[in-house]
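Features as listed in TrEMBL:
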{"type": "ACT_SITE", "residues": "A:132", "note": "active site, acyl-thioester intermediate"}
{"type": "ACT_SITE", "residues": "A:257", "note": "active site, proton acceptor"}
{"type": "BINDING", "residues": "A:14, A:15, A:16, A:17, A:42, A:43, A:162, A:163, A:330", "note": "NADP(+) binding site"}
{"type": "BINDING", "residues": "A:102", "note": "phosphate binding site"}
{"type": "BINDING", "residues": "A:159, A:250", "note": "substrate binding site"}
{"type": "DOMAIN", "residues": "A:7-122", "note": "domain 'Semialdehyde dehydrogenase NAD-binding'"}
């Protein structure tokens, strides 16, 4: 083994997730030698800060990966599809946060708290990072699965606008200003729709509304987001037959996804046992005392790293089921943080004896 | 049988639901003779409009029920508990929209599209109207149950602020103005909480947030709202062993509750069959063509009467389950409209041959 600090490339360093990634690399214990920031030619030459150092952004090109040990990709699917293999061919381990490789059988889909052991199993030199909605629950579900064996998940999401990037954030802020300006909006059919003239990336107004759609239309009326929750949960947990029913709904929250999960296990799960187990699980925080008004909400969770779990109840009519409410920052654990954590697992290969 | 138009009393005529009730009585085909408006002594003497007539509000007292055939109650539980029996003792049929009598075995809990046959079964002279969250789904679930036999419901709510009355509406409007005024709120933990100084009836900020709590704390960590969804669904459908798991979450919407429902039946339910059945069901509208961006949202549904259903999918991993997204105006079908419909069923007893 070599014993040097590995070189990291951050591809997509100027986007919404890339920006959070630079914060996370600055905050976390440093395991990197050189850090290169890569973006589209349009952003090349910009100087951005990471770890307190000024770094000049380079344009995406094959040569930028020469000498790179780990390359993180926070870019659209089609950019990852083309460029992650280029990075891998030049010797880098590509850690990709797009949907391009998540279900590729030769690409592990990794959540370090759940399946860090899969990191080395990467014949294509690519490791995939899950979708943000899956990531908002899977650390907690993985901990429960190890103890009780999960067999069925019913998931409903309360997804934040920033899941649709900066355009999503700006759209919700603009619409919120519009509905706030007119005191009586929201009482009559169509009045919010009439007042809001820019839908941005959403198929209906989001301010004073909830929209049961995220992603693109797939078979049988499912959205791509719903299929991701199902298929990625199965792969991460190593349960190809897990039953998953998901409905994804956008809500007027800037950042932090929330989810309700009805999870059914192989055996009975008393709520108090689940609460203790989750309180001791890596990457999970329990906030569950409704008598004191304690449960997680996006406004409290945004900007933090863990998966927050509250409203832990054993189902009244099925003692093998739990009903949970979970929150996770979709830009941190849901994207940049998990990518950074995967990259850190790879970095250990370079520095361990 | 007599053949006269019955006399109606509206108790709670000045409240949020009472106000919608006066609109509904004005809009619907008239089946009433005299309509009396009743409220607390504080509101007595006010002149309010119903059916285009000016009516002077009377203070709640035993004598106001003399000669009344049907008395609707849209008042808090404790007021109903005291006064519905008084109205019944004076010969009126009390139709009560509080939680006071819903689970009383001698009081039918009625949704006319589902169990109108229960109206006559009222030994106490009282008929109960269900909770708004239950009402936002039960007409559609009832129609599916008649065809396929429902055995399991997993429900997650997206509940509007007006479920907490005018104070809930005012609180959300004020908080929305606050977050709209400061462009960057919503990115950092606690900043919405710091900006919002009035929580009103909610246990956490509701603007730019979702709050997994509605009602009061009951056994085993359940909220009263979640138990209502379970217990009232069982009673209305006549299925005392129905398995129901509900998680109730407040969202920043003014009016119209939305719900996701994962419903499991005795037999397989193809989505297309369910769609056709629901499209033909009384009181249900189907809006389900995601390719055209068609699904119900609260902003489109508010102010309308039906239960709207979209996102109708057969669960991928269980052909006996459907995943649905439903919306219903919590002040209309969820409260005033259903009460009016029950009262109209009773009114027919006075006018039919």
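Note that Cβ sites are derived from N, Cα and C of the backbone, with glycine treated the same way.
Secondary structure at residue A:159 (substrate binding site), taken from DSSP and collapsed to helix, strand or coil, is strand.
There are 19 other CB atoms within 10 A of the CB of residue A:14 (NADP(+) binding site), with all protein chains counted.
Cβ packing within 10 Å was compared across the recorded positions A:42, A:102, A:250, A:257, and the lowest neighbour count falls to A:42. Among the recorded positions A:16, A:102, A:132, the ones whose Cα is located within 10 Å of the Cα of the residue listed as 'active site, proton acceptor' are A:132. The record assigns A:14, A:15, A:16, A:17, A:42, A:43, A:162, A:163, A:330 to the NADP(+) site; their largest pairwise CA distance measures 26 Å.
Listed in sequence order, A:132, A:133, A:135, A:136, A:159, A:160, A:162, A:163, A:255, A:256, A:257 are the same-chain residues at least 6 apart in sequence whose CB falls under 8 Å from the CB of residue A:330 (NADP(+) binding site). Residue A:102 (phosphate binding site) carries neither a helix nor a strand DSSP state and counts as coil.
In the domain 'Semialdehyde dehydrogenase NAD-binding' (A:7-122), helix, strand and coil residues by DSSP number 39 helix, 28 strand, 49 coil.
Here residue A:250 (substrate binding site) is compared against the binding-site residues A:14, A:16, A:42, A:102, and the shortest C-alpha distance is to A:16. DSSP classifies residue A:330 (NADP(+) binding site) as coil under the three-state reduction. Spatially, by CA atoms, the binding-site residues A:14, A:16, A:42 include one closest to residue A:102 (phosphate binding site), and that is A:16. The Cβ of A:16 has fewer other Cβ atoms within 10 Å than any other of the recorded positions A:16, A:132.
Mapped onto three states, the DSSP output places residue A:132 (active site, acyl-thioester intermediate) in helix.
Across the domain 'Semialdehyde dehydrogenase NAD-binding' (A:7-122), the prediction's mean pLDDT works out to 96.
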